[in-house]
């Protein structure tokens, strides 16, 4: 248990009162590239709904000047007084008399700051022609619009916006709507934009700088532009292709055409999120938007397509229909996440995106939701300023997975009709989860709320145990039992219960269910018709968000069917993924899990191998702590080399024209793992390719870049380290930079190079703040590296806090998690529990409460795994001659 720290004192967060609401904003902002400040004026049409003597609205880091209120009868109150609550980030304006319900106009002059924390209307630096340049852009979700203009900064307060940007002549100014006019006055250009749609404040956006762009139009005439800083627009062609397809595709699928005449997508050099769905002006990290055929890996190209599709889906789920409050954040994130896969699956079938879904979404959701310190999808949010911690695998991956489960359960046509009904009913308005369930129930004729509320309102998910009771004359009686799956194998005190859509397949009908039912009780028996010699698979296609544990009678035929690939790939993934999770929860044995690994030697699908590789990595990390001389780790590595060598040799190092993209991904995965295990031949080859690439500019396939960089740094010395750091500085492409950073962090912890690297990156500021978490990933791969990086984090907390503008940001919390959660020591778990007390103010500490508990829980799970599985692994390796 974490120790009790001082409770936050002072004011409690309050939502804005309902006696007034905004209807329309007229905003004028004048950014200054010399002072990094901006002058602003907000004129807000405010509807007074109840008699009041005050007005409250949000602001943060704004120097408020003159305030005036114009009444419907022409009366005007000037120089109104105000007070400010730093806790609530609320300006309270005192009115000289009680104002009756009416339409008014509130005007506020102010000055703001272009900060470097990637929040609000912030600054971003890039290099062009050998010189540093600046641009300004925005990130307003969740509560950062108030750093750019005073506003009702809650999603329910929708309004329209007229924006004017006053910029230096020669710069480009962008906002949500189309440019209406542009006039030059002296050295300034005044750019006015059309009125925006009715929308929440977090969707407003501005961008100012020297930009290039590519443009195209959708078949139905929407203007699409891809904006970049100078020198990078040619990397925008793939983004233009995806976005021009997606806008019309979504319009057809949802039955509502895209609502604006243009859609801009802009790549920002410094960016905290992956991307942001601002209506008409979508902002991205460069790595999430730009594509270079010569440098972008297969996985990254898929990621770019998914991120673009995700943000464009938000134009309906999030922009057109918005959650009433952040508790229902999943209403936009979960559905945008599902729709991105649906779009890419239909429009880019060569990407085999539903195979990637299994690891990137389903497995990710399982991983976090198996912790006792997870949270429900519908998580109560008191203070949205503390919301960054739930932009996680529950809100995205689990929500995405249960949407997939529901789509398969209802059928895509009924699911689609329900979503169409929901969007039509609540367009330009706000909704809650119950509204979605009602729309889906109407379309499907089923009680969707009864089926799904347990999946969104309670945390966790079930493991379904299946036992065959009898088998006779083509009839089997099966016992199904559900309980919450916990990563440490402990019992769920809450006795959680779900309505679980169970689907069964068999060897004679492997690709679709032959039997369906809903497991609604803790234990149910089900009689099924199936030939006596056929295998039976529960959770056909791995579409349900639950794990399955079989009795030995049912498991053995499935493992055999995996070895000869009779079991379809989605089910091979599900079986292997479940087995390793059950191993880590001490519910199956090491020999059961590793027997499955050995049976998969001839596996050809990347998705299955990636799941197995994650299991291997977890076991390898655990055994690194088994003994001081590392003998068990060395034996396990020899076992892995022998297990993987035939697959690695079969795949080889050479890519051929027309090769399936999944083969290339598998090649990189297997070579990366066998190099980590210490195979001398493969490490020597990787080092050779590294020097050819760096020294002689011999092309290196993008899918091999990560394995080769990593092997060169682990097996090399100062020379390779300096070469790769120089390449990081000069390569000029975000994905290559990230791969280099992760590899550099894998250098020997005892060499002194980690000290050099972190000083270079953080103290000297040579690495963008947005990318620092990648730096923390590399050291955590080994015991010595993990110990080093956790010590570094503790010693440099203040510097990291300053970099990120506080501990509440998602990027800071990623650094914390990467620095600590791979440890396998009760002493480190206790340090994590206690470390922040007294070092972070109590109000900020509250935002770290769940991340701290999650990290310490993961560490204790590692300790428990080592204790339970370590001796089993030792005995298994001995039995195999290692």
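Just so it is clear, glycine is given a Cβ too, placed from its N, Cα and C backbone atoms.
Source: prediction; values computed, not measured.
Feature list (source: TrEMBL):
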type     : residues      : note
ACT_SITE : 311           : active site, proton acceptor
BINDING  : 310, 314, 333 : Zn(2+) binding site
DOMAIN   : 21-203        : domain 'Aminopeptidase N-like N-terminal'
DOMAIN   : 238-455       : domain 'Peptidase M1 membrane alanine aminopeptidase'
DOMAIN   : 535-861       : domain 'ERAP1-like C-terminal'
SITE     : 396           : site 'Transition state stabilizer'
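Overlay of TrEMBL feature records on the structure.
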residue : record                             : Cβ within 10 Å
310     : Zn(2+) binding site                : 27
311     : active site, proton acceptor       : 27
314     : Zn(2+) binding site                : 27
333     : Zn(2+) binding site                : 24
396     : site 'Transition state stabilizer' : 22
Beyond 310, 314, 333, what residues of that chain have CB atoms within 8 A of the centre of the Zn(2+) site's CB atoms? 277, 311, 313, 317, 318, 332, 335, 336, 337, 339, 340
Which ones, of the recorded positions 310, 311, 314, 333, have a Cα no more than 10 Å from the Cα of residue 396 (site 'Transition state stabilizer')? 333
Rounded mean pLDDT within the domain 'Aminopeptidase N-like N-terminal' (21-203) lands at 97
